Amino acid sequence: MGGKSPTGPAADPAPLLEALGVDFDPELLTLALTHRSYAYENGGLPPNERLEFLGDAVLGLVVTDHLYRRHPELPEGQLAKLRASVVNMHALAGVARGLGEGGLGAHLLLGKGEELTGGRDKASILADGLEAVIGATYLAHGIETARDLVHRLFDQLLAEAPLRGAGLDWKTSLQELTASAGLGVPEYKVEDTGPDHRKEFSAIVFVGGRDLGHGEGTTKKEAEQKAAESAWRALSEELKPGPDAAEGPGTTGV
């Protein structure tokens with residue numbers, strides 16, 4: 001790798017490697033786990049940001065390819081929504097937390113400041129670290145091994161993507177769903193309570209005249225989004241096809 005090299009990961013890497021099912025050159029693994037805060041505090045070591053950049057592209061390709069093949073019925077906009085439900089900071093952080101004892105965070109090299117402020121469980125740091133590990137996998141073993149790793153780690157998220165994808169904007173997703181089902185445009189009724197500086201909002205969404213979802217929040221938007229989510233989930237269950245129809249083609253490709 002060139003330049004200075006850290007002494008090694010923060011914890012014994014064996015549980016992490018077992019969870020990943022991939023072997024790495026120790027120097028490459030250490031680079032993948034080196035957060036910029038640690039690199040800066042240790043005399044300008046190379047951080048994992050270049051590997052993160054590479055891993056982001058690999059992850060995006062594998063997930064996009066899978067969704068494209070699995071959902072031939074969906075237009076580009078819906079595919080993008082599904083992909084974003086899998087490839088986002090919070091989803092990646094959740095996967096990272098499940099990697100071996102203590103999760104990926106136990107193995108990251110962090111600066112003292114990040115250590116003191118809970119950096120080992122910070123979603124952005126975990127997501128970036130996971131992308132760096134995916135990038136390192138691609139660099140060391142190629143696209144097939146990287147693809148296999150992504151599928152092992154993200155299969156559940158990929159399977160749930162049609163449900164999770166709506167969460168990027170529940171109101172838009174609900175309107176798309178009601179339009180496709182010929183149910184018209186959802187209507188929202190919002191009420192607020194409490195003093196001006198601490199208002200609480202409650203929302204009800206009606207679909208075809210039916211009270212289909214409720215939501216509460218500290219803003220009107222939040223309450224409407226939660227009501228839309230509730231309605232979207234209820235309506236999706238009602239409209240869900242049978243088991244045979246729900247299955248897409250089995251080809252996975254890249």
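Cβ atoms here come from the backbone N, Cα and C positions, even for glycine.
When TrEMBL records D128, E131 as binding Mg(2+), the matching candidate from E49, E52, E200, E216 it lists for that site is E52.
A straight line from the CA of D128 (Mg(2+) binding site) to the CA of D56 (active site) spans 9 Å. Counting Cβ atoms from all protein chains shown, E131 (Mg(2+) binding site) has 26 others lying within 10 Å of its own Cβ. Cβ-based neighbour count (10 Å, all protein chains) for E52 (Mg(2+) binding site) stands at 22. Least crowded of the recorded positions (D56, D128), judged by neighbouring Cβ atoms within 10 Å of its own Cβ: D56. What surrounds the Mg(2+) site, by Cβ distance within 8 Å of the Cβ centroid and not counting E52, D128, E131, is the set N48, E49, L51, F53, G55, D56, A127, G129, L130, A132, G135 from the same chain. DSSP gives E131 (Mg(2+) binding site) a helix state.
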